[in-house]
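According to TrEMBL, the protein carries these features:
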- 379-450: domain 'STAS' (DOMAIN)
- 37-57: transmembrane segment (TRANSMEM)
- 64-85: transmembrane segment (TRANSMEM)
- 112-130: transmembrane segment (TRANSMEM)
- 142-162: transmembrane segment (TRANSMEM)
- 211-233: transmembrane segment (TRANSMEM)
- 245-265: transmembrane segment (TRANSMEM)
- 277-297: transmembrane segment (TRANSMEM)
- 304-322: transmembrane segment (TRANSMEM)
- 342-370: transmembrane segment (TRANSMEM)
Amino acid sequence: MGCFVYIVLGTCKDITVGPTAIMALMVQTHVTGSADYAVLLCFLSGCVILILGFLNLGVLVRFISVPVTTAFTTAAAITIGSGQINNLFGIKSPSNEFLESWENFFTHIKEARLNDSLLGVITLVVLLLLRKVKDLPCGYKVLTKYISLSRNALAVIIGIVLCYCLKDGDKLPFRASGEITKGIPDFKLPPFSTPGENGTTLGFGDMVSNLGASLASIPLISILESIAIAKAFSKGKIVDASQEMIALGCCNILSSFFSSMPITGSFTRTSINHSSGVQTTMGGAATGVLVLMALAFLTTTFSYIPKATLAAIIISAMIFMVEYERIYEIWKSKKIDIIPLAVTACVCLFWSLEYGMVCGIAVNAIFILYKSARPKIQIHLEKINSTPVAIVEVQENLCYSSAEYLKSKLIKFVAIQGDGIVKLVVIKGEEITNIDSTVAMNIISLKEDLSMLNCDLICWNWNYEAAGVVCRLHKKERSMFKFGKSLEDVVTDMAESTTLQLDTVNED
């Protein structure tokens, strides 16, 4: 259904919408009791994505940094690949999680089946070699290209043939996928209730409660995957994130009426579409029709697919989902960005993908808040016209979180110089384009505190909008702002004004 809906509403000609490995991994934890949860999650995710699209909130995706998305994708790939290590060797495993899979593998390694192990390892090696076939220098570039692209299908076909030909009556030589229900699911409403334990029925509220944080994480990951793919294949065109969200939301909502799990853009299928030379979104129609035909006529054949073959296909794909080059680029460009990357990866691997993404975003938010609370401020002492002047250069905008920092740093600097040494503080305002009321109040308070240290305050060449916030708060502070004149002229005028005030006091 996603393939057909995207034809009408999508904007990227290459994208194929459907189930993905990451979606499957995230949904799996919620369907142990009933598949109804997966279908309801598909419907609710679609509703959330559609609402965000209509509200034009595609901009929210920009708040998730590259280190976080890179770590998430890498951790998901490692988890998915690790979940298949047991199937590769024919070992039964109760879990596909990262730690549990490897623990089960090493504790039950003696149960590995020879046939499955040989098939799995050989298939994995062949798939990795076939990936490079297209790069061979030969005169059959088109042939090698399509052999490389169809390597997964070839592996499945060979696995099915081997499993069928080598079976002994009802006994199969490999652990196989088993029977798959034939035909297309009925068109019906998503399940808003599901059977519970001991013959009870769980209502909509109970199901939503059980789904928990996935109601936020699944839509978020769906949006991230789809928009990231759209940007990768946009070829210089602007991607309308909100329209992509509307398309993806409708794909999920309508798919849920056919008992679908949550779906999103698939990078592998999209790259095959792109390599095949599709020109419009109608390419999704070919994909959709072939899937329907497979469901109608090939489900009996699918029951012979060896699990070792599927494991090899998944592992070979996951190896190249790990963004080795991107991780190196992040390390090379700014090493501190490794912190959110490492936090996201560790939480994803050892806790859950949903909370990994949340923790990564939280770490990035802390960095942003810290930076806003500690803007770059340089203070140095100069003698201008024989007057000691503290020159303050604020190299970023000021907001309420940095107001107290500016004040405390200035007071500390003036106090360290000694009583009466610094006669004037000049805050240069070329970089200050806007301030809030908290900053304005702290500027006024700063002036009062400096006056107790026998020091004056001047705000030089501030943006009119920023200066206006202080002036509207206290009109008498307008004299504190100086525009246009050179710093030498400002200091001279200030010295003359101070002298005049002293003479007036003496006369009185």
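From the backbone N, Cα and C atoms, a Cβ is placed for every residue, glycine too.
Counted over residue pairs 6 or more apart, the CB atoms of the transmembrane segment (37-57) and the transmembrane segment (304-322) come under 8 Å in fewer than three pairs, which marks the two as apart. In summary, the transmembrane segment (142-162) lies against the transmembrane segment (304-322): three or more C-beta pairs, each 6 or more positions apart in sequence, are under 8 Å. Beyond the ends of the transmembrane segment (112-130), by six or more residues, the same chain brings 87-91, 147-148, 151-152, 154-155, 158-159, 162, 173-175, 306-309, 311-313, 315-316, 319 to within a C-beta distance below 8 angstroms of the stretch. Looking at which of 64-85, 211-233, 245-265, 277-297, 304-322 has the most CB pairs under 8 Å to the transmembrane segment (342-370), the answer is the stretch 64-85.
Only residues 6 or more beyond the boundaries of the transmembrane segment (211-233), in the same chain, are considered here, and those with a CB under 8 A from a CB of the stretch are 11-12, 14-15, 17, 20, 22-23, 26-27, 29-30, 37, 40-41, 44-45, 48-49, 52, 58, 61, 64, 69, 72, 239, 241, 244-245, 248, 252, 262-267, 270-271, 274, 353-355, 357-358. Long-range contacts of the transmembrane segment (277-297) within the same chain, counting only residues at least 6 positions beyond its ends with a Cβ under 8 Å from a Cβ of the stretch, are 1-4, 6-7, 10, 12-18, 182-184, 269. Across the range of the domain 'STAS' (379-450), the DSSP-based residue counts are 32 helix, 19 strand, 21 coil.
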